[in-house]
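Working notes, beginning with the structure itself.
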Amino acid sequence: MAVPFVEDWDLVQTLGEGAYGEVQLAVNRVTEEAVAVKIVDMKRAVDCPENIKKEICINKMLNHENVVKFYGHRREGNIQYLFLEYCSGGELFDRIEPDIGMPEPDAQRFFHQLMAGVVYLHGIGITHRDIKPENLLLDERDNLKISDFGLATVFRYNNRERLLNKMCGTLPYVAPELLKRREFHAEPVDVWSCGIVLTAMLAGELPWDQPSDSCQEYSDWKEKKTYLNPWKKIDSAPLALLHKILVENPSARITIPDIKKDRWYNKPLKKGAKRPRVTSGGVSESPSGFSKHIQSNLDFSPVNSASSEENVKYSSSQPEPRTGLSLWDTSPSYIDKLVQGISFSQPTCPDHMLLNSQLLGTPGSSQNPWQRLVKRMTRFFTKLDADKSYQCLKETCEKLGYQWKKSCMNQVTISTTDRRNNKLIFKVNLLEMDDKILVDFRLSKGDGLEFKRHFLKIKGKLIDIVSSQKIWLPAT
């Protein structure tokens, strides 16, 4: 059943987790409003309380249609709560088919929106430093939102730019200068990461483990061996743009204003491609009312801890630039006075909150929390009951060599290593819904594309028990 949070609010789904806490979906059972709650245990973040404070401070500065909106925060004892928009469309990586990618018009539209968000961030002097599909979320209209500012920093203040020296991010997405130089400019680093995201969208795979000469795939790229994967899967026009983005020398790397002049960037979408009505900011218009977006990835993933660059001090009480603060108040009653002051006990197993079919309801019902659950393609119905489904899943995962741990009732944690020998952890919930069992996989730690590869492998082994029934999702 749903876990009560505070008066009138229930926690109904774990959206993400990381070193210091998790993100939960909270739904108001009276108004049906949804909000993402990032719950940070400050006792687990004793080594970096300033990082949390800086993340809050940066979030307060943000107001853009391609950036997840921040409503506010409050602290209760050792727990810090950040309230953010909920993105019911899930994470971008879920739309990327491993080794295939996505239709080029979709990739172009998402790339346009990514550029709009990054232009906005750089315009107010902020660099994200961990752009990757796991940190790019989609709303109910499939509009892209940049999320997770745990590694973000201010690189320009009062028109004065400072060089950065902290090596942080996620290795396949980091720019080569992070691995080679003591200091570097902020903007080209984010541009490079956007190029890797575009590659993943078009080819369904990452080009290399890291951009260093010790990596054969990266050396092949520098030698222009585009007859190899992933480049041979990419059409010549977007590949020409990638040749300008993924340039080792940051001073020779294309800038965003020039990206916007690129031939492929301005190529009209193919006939028949899904092209929602857009506003001037590049975002589809959506009905008025409470937006539903989420900040999901909590994985602070430093590549290495270099000497501290953070000479600028941040305080959550320091004044921020005026960025339309009134827009934060997305009432009713300012998100119920930021979810009513908060005082509650954390559930021991928050994912168990989805196990009740009464909670999930049926498609079309007026009060239907299932409509609030994040969309995922990594789920399927089975033809069996819960016990038999669990047993088949367990036997299959053990045969495939996965580490298997029952977390709590109807939830298991599966661990393995991916093709890059990095840790990959995902949670599987068996959910009762309308007398059927939904097997729902969620990435907990690791690379999203690798997670999808493993999901498809497991599903393939279970094909005899997978129901042909389509997963019902909220209409968009």
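Here the Cβ of each residue, glycine as well, is placed from N, Cα and C on the backbone.
What Swiss-Prot records for Asp130 is active site, proton acceptor. The ATP binding site annotation in Swiss-Prot covers Leu15, Gly16, Glu17, Gly18, Ala19, Tyr20, Gly21, Glu22, Val23, Lys38. Per Swiss-Prot, the feature compositional bias 'Polar residues' maps to 281-320. The ubiquitin cross-link feature in Swiss-Prot is assigned to Lys132, Lys436. Marked as domain 'Protein kinase' by Swiss-Prot: 9-265. Sequence annotations record features per position, and here Swiss-Prot assigns phosphoserine to Ser280, Ser286, Ser296, Ser301, Ser317, Ser331, Ser345, Ser467, Ser468. Swiss-Prot lists 1-265 with the feature region 'Interaction with CLSPN', giving similarity to another entry as the kind of evidence. According to Swiss-Prot, the feature region 'Disordered' maps to 270-327.
Of all the binding-site residues given, namely Leu15, Ala19, Val23, the one with the smallest number of surrounding CB atoms inside 10 A is Ala19. Here the Cβ of Lys132 (ubiquitin cross-link) has 28 other Cβ atoms within 10 Å, regardless of which shown protein chain they belong to. The recorded positions shown are Glu17, Ala19, Gly21, Asp130; of these, the one with its CA atom nearest the CA of Ser468 (phosphoserine) is Glu17. The closest partner of Lys436 (ubiquitin cross-link) among the recorded positions, by CA position, is Ser467; the full candidate set was Leu15, Gly21, Ser467. Spanning the listed ATP site, residues Leu15, Gly16, Glu17, Gly18, Ala19, Tyr20, Gly21, Glu22, Val23, Lys38 have a farthest Cα to Cα distance of 14 Å.
On the 0 to 100 pLDDT scale, the model's mean across the region 'Interaction with CLSPN' (1-265) is 94. In this structure, the modified residues Ser467, Ser468 were compared by how many other Cβ atoms lie within 10 Å of their Cβ, and the smallest count belongs to Ser468. In three-state terms derived from DSSP, Ser467 (phosphoserine) belongs to neither a helical nor a strand segment and is classed as coil.
Geometry remark: Val23 (ATP binding site) versus the residue listed as 'active site, proton acceptor', CA distance 18 Å. Distance noted between the C-alpha atoms of Glu17 (ATP binding site) and Lys132 (ubiquitin cross-link) is 16 Å. Cβ contacts within 10 Å of Lys436 (ubiquitin cross-link), excluding its own Cβ and spanning all protein chains shown: 17.
The shortest Cα-Cα distance from Asp130 (active site, proton acceptor) to any of the recorded positions (Leu15, Ala19, Gly21, Ser467) is found for Ala19. Between Gly21 (ATP binding site) and Lys132 (ubiquitin cross-link), the C-alpha separation comes to 20 Å.
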